[in-house]
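Summarising the annotation, TrEMBL assigns transmembrane segment to A:40-59, A:66-83, A:103-136, A:148-169, A:200-219, A:242-268, A:310-329.
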Amino acid sequence: MPILRVTPVVAGLAILLLVVVVSAAGIGPYRIAPGDVVAAIAAWIGGGHIDGQIAAVLFQVRLPRIAAAICVGGALSAAGAAYQSLFRNPLVSPDILGVSQGAGFGAVVGILFGLPVAMIQALGFVTGSLTVILVVTLAWSLRQRGDILMLVLSGIVVGALAAAAISLVKIVADPYAQLPMITYWLLGSLASIRPDDIAVVAPTVAIGMIPLFLLRWRISVLSCGDDDARALGVDVRRTRQIVIVAATLITASVVAISGIIGWVGLMVPHLARLLVGPRFDRLLPVSILIGAAFMVVVDTIARTAATIEIPIGVLTALVGGGLFVWLMTRRGSRSIWRRE
Amino acid sequence: MIGPARRLVVLLGLTMLTFAVCASAVHARTVTDSVGRRVEVPDYITRVFAAGPPAGIFLYVVAPEKMIGWGRTPRDIDKPFLLPKVRDLPELGRLTGRGDTISAERLMASKPDLIIDLGSVNETYRSIADRIQAQTGIPYVLIDGRFENTPAAIRLLAQILGVSARGEELAKASEAIFAEVDRVVGAVPAASRPRIYLARGNDGFETGSRGSINTEIIERVGAVNVVEGIREAGGLARVSPEHVIGWAPDTIITIDPAVRDLIMSRPEWQPIPAVQNKRVFLLPNQPFGTIDLPPSLNRLIGLPLLLHALYPAPVTSDLKTELRDFYRLFYQVEVQDGDLDRLLEGLRR
């Protein structure tokens, strides 16, 4: 059994991602001719000298941002696909267990206390993860009617608590200095990504992806129902725990650098399912590739469409909502939640 | 026996009522606020509630003795620059803008004679004023907070509060500041005026676009705000480093020391001309910001500070004296030499 079978769909999407990334690298408010982009990257690989201004824009700003978009899009889509299979529910998104709201709460508290950016991100990651731990603990201590329902309900309750706490912070925050920052953070943006952020987040996301890839067959089986999975010899509870930990690690780390970006984790797995069907082993790589490409495209719009940065969360909601409606109109001809 | 006594009581009562009506008629007058609302206010106003931080600073400057609390408690580092009697007043909350934090009931319990608000004077604020006044019975005065309107706003509030002499002194001082700005800026040809980026937020990538109240001061000193708005009215926005590099501002201003340190040290800022030429100016932010934060009278001192930083040649006055005089007149505090140096540290190149 190969680690990853390269199907035509996966190969096609990988090429699409590459095309999107190369085009995005050439587009931006600071005009750099496509030739200069290629020359700069060639010079960087070859160790040659490049114009300082162009190098700064490309290597300090634009390419890290594209890398971040790939990370965030891929991560949210992978987590979304895993959760949708795990919960056997097409309406589940990566923040079903409260990770985004929890991370948001940590970050806005960090802003309230005027902490440095790195600390705000760290706090977001920690509180996001803690929120999920709280949800899972709560669900397990209440467990009477099956894990999943309790998990989702606990997630809703704790998520609502975190949202209320965020509102409280907004009220006490300085309306002129801190409130705008809190608003931008909660809307999600990749505007202030720095190379250091990628260096921290990319490895964390990669670590979180490994269990999802290794368990992809079991997650597929799990999506058929607990009893079937048990009959096939899958340790349901153990698998579920590992998937939750992995998806939380992935989501919390990207939310920490990007803020709350909705819709991607919900919508991309549906798009992927349309292409390859609901089997998780096929769904995962396709979701990651589509998510990454989608996010790079949306973020390129966010940073170029207007003079001023458009919050990416607003764009994903706009574009994602539209795509979702389109997906729903297709349900008649080919169900996006049909099992093969 | 009962009859005459009752008559006497009635008579007395009527007399007192007449006096009371006359007295209240004597001790009330009508003022007209910036949106033309005619508001009846008591003759002697001793307790004033400021609806938001801009109005709070405005009230502090014009008549600190009439303050009953702060919208937000001053930070500890601000307190040395505020009057001892006033700096420890309680935090009461704010009334307008982004969500009230004081309830109508608590507002009434704190028994102000008057509520003032300073800022935008659109229909929203007008209706807020009308509603709160109708609900609480406390007269509510709305004052136009545009920078250019500062002298008139000061005179209006001073007249309402019965401190016209102080108002006149403050209004004259602010007119003098505007006049000096016009004199200096008028002599600088348009082509050699600076192109400025205002760095806000905790990473410096939050800014105000051209036409926003947060960057009014940039345009007022004749400079160009490199950030062009997507909206005509401007407003705060997040921008990417790529934008800032593309705009290539020759000057960056901020009131946050941490942001200035970031700008001077991080690689994404280095290709910007302002950073290369070390024209990143840190303006004081104690007790209040001098660029915005909040947009109120505190911005007045930002004008001469920016003049000195941007056009060193045609400015003749001494910055230290000017700052000391401003704090003495507007904030009624005596600033020590060491503090003055510290406030002005970020303006030295």
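Numbers here mean position along the shown chain, with the first residue as 1.
The backbone N, Cα and C atoms fix where each Cβ goes, glycine too.
If you look at the transmembrane segment (A:200-219), the same-chain residues 6 or more away from its ends with a CB under 8 A from one of its CBs are 3-4, 67-68, 71, 74-75, 78, 82, 85-86, 229, 234, 239, 242-243, 245-250, 253-254, 256-257, 280-281, 284, 288.
Counting only same-chain residues 6+ beyond the ends of the transmembrane segment (A:310-329), those with a CB under 8 A from a CB of the stretch are 184, 186-190, 258-264, 266-267, 270-271, 274, 294-295, 298-299, 301-302, 336. Comparing A:66-83, A:148-169, A:242-268 for CB pairs under 8 angstroms to the transmembrane segment (A:103-136), the maximum falls on A:242-268. For the transmembrane segment (A:66-83), the list of distant contacts is 17, 21, 24-25, 92-94, 96, 190, 193, 197-198, 201-202, 205, 208-209, 212, 219, 243, 246-248, 250-251, 253-254, 257-258, 261, 264-266, 268-269, 272, 280, 283-284, 287-296, 298-299: same-chain residues at least six beyond its ends, Cβ to Cβ under 8 Å.
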